[in-house]
Amino acid sequence: MSSKRSQSADLAQAGLAARRVAVDILESVTDRGRRLEDVLESALNAGAASALIAKDRALVRAIVGTALRRKGQITDALGRLMKSRPPAKAHRLDHILAVGAAQILFMDVPDHAAVSLAVTQAVAEPRLRPFKNLVNGVLRNLGRQRDAILSGQDAERLNTPDWLWQRWEKAYGPENARRFAAMHALEPSLDITVRSDPGGWAERLGAAVLPTGSLRLIPSGPIDRLDGFAEGAWWVQDAAAALPARLLGDIAGKRVADLCAAPGGKTAQLAAAGANVTAVDISAARLKRVEENLARLGLGAEIVAADLTDWTPEAPFDAILLDAPCSATGTVRRHPDLPWRRSGTEIESLAALQAEMLRQALSWLKPGGEIVYCTCSLEPEEGEAQVARALQEMPGLERRPIEAGEIGGLADLVTADGDLRTLPCHLSSAEARLSGLDGFFAARLRRP
Ligand SMILES: C[S@@+](CC[C@H](N)C(=O)[O-])C[C@H]1O[C@@H](n2cnc3c(N)ncnc32)[C@H](O)[C@@H]1O
């Protein structure tokens, strides 16, 4: 084989391997309910995928991300072109078609390449081989009818499962539900928190400095190769996630608990602010990441692996940050698999756990001490309702309202009660990919 021909055979092989890994990942996430971030890492480091170069790894991420962000539209589009569903034994066909459709409908990949790689995948699997003409026909038709199909779709509604849409319509109204869904279709920017000199780091990284002090950029390669990562000058943290720890104010020299601490973005903020931090989390594996992150950043904290519902500190704290486990529905921009792995049924039991944790945490504060309770959820049961209940339950407990000045002057992010409520459609910018914020709730309470 000439070297040119062997090069193009290598490229075709890599293209095929990337699509195969994308199909495997989609299968794990949507059929087995596994978390995308866990599956991505293990799939990209196993077997043939481990030989993929950075560009192909990025392609896998982009295909899977698009297939999940646009899952409703892709299912609708394929449904319009298929007379019947493939039999259950050929269920992998759904993922091969979804991977092909994601490229044809939404990505800058030539239709013929997407179709031929999907057909090659079907042919390679004995159970799917009988459907190779179906794959070919459906995906070719999709390319031909792309514009007509896309223009007839209600993208926001289709890409949001009913359980989430109904919750958001109820809590925020139909227009906001639509705004959130529009943001979820976009690959989010990378937000980072810097130890110091945001202006200098913004220049070095080509980032924007947000009003809240976080930096925002579109990275062009792996994050750990960016300037300043290895030397611990910054850490990855959504701009909304960076706000709750700041609400504890000047904590230098104080004894502060970071409850539900892993993977440690907020622990790093508290330690960088000079607090003596006790970081507690139930997951030893996730705490290992806290330790690694702190080591890279040259910061320290006492690390405690414990179930908070069964733990008592040796002495009360001056201040506490409780970032309770929650449905995480505010993070769909960064976790597009979440809506399709959950159904909302877990919210009731999570809310009960949050109530128990908040009650306990309040009892671990010194008199006059402050707690910031937060969740990365858009669901009022996990935010506003928790705080209302705590205020009712504990005589003398007071809300200390958040001032816009504490969060870069962004008054829209503060509720009438004085709590922080960030939404995916907040922080809009002329450049769509530089817009948006994770949905967070935070309230600051002072113990009598
Ligand atoms: C929202 S995450 C915390 C994120 C973290 N604060 C940060 O900023 O990086 C919630 C954490 O709660 C922990 N968790 C869940 N149930 C717990 C329990 N019963 N006791 C202690 N930690 C728990 C989980 O392991 C998870 O790390």
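Easy rule for this one: first residue shown is 1, then count along the chain.
Every residue gets a Cβ built from N, Cα and C, even glycine.
Annotations in TrEMBL come from automatic prediction, not curation.
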Further binder of S-adenosyl-L-methionine named by TrEMBL next to CYS260, ALA261, ALA262, PRO263, GLY264, GLY265, LYS266, ASP281, ASP307, taken from the candidates ASP238, ASP318, ASP323: ASP323
Other C-beta atoms that fall within 10 angstroms of the C-beta of LYS266 (S-adenosyl-L-methionine binding site): 28
Integer Cα-Cα distance in angstrom, GLY264 (S-adenosyl-L-methionine binding site) to CYS376 (active site, nucleophile): 14
Spatial neighbours of ALA262 (S-adenosyl-L-methionine binding site) that are distant in sequence (at least 6 apart) but have CB under 8 A: ALA279, ASP281, SER283, ARG286, LEU287, ARG289, VAL290
Winner by Cβ contact number (other Cβ atoms within 10 Å) across the recorded positions CYS260, CYS376: CYS376
Nonlocal neighbours by CB distance (under 8 Å) for ASP307 (S-adenosyl-L-methionine binding site), same chain, sequence gap 6 or more: ILE282
C-alpha spacing of CYS376 (active site, nucleophile) relative to CYS260 (S-adenosyl-L-methionine binding site), in angstrom: 12
Cα-to-Cα gap, CYS376 (active site, nucleophile) vs LYS266 (S-adenosyl-L-methionine binding site), nearest whole Å: 13
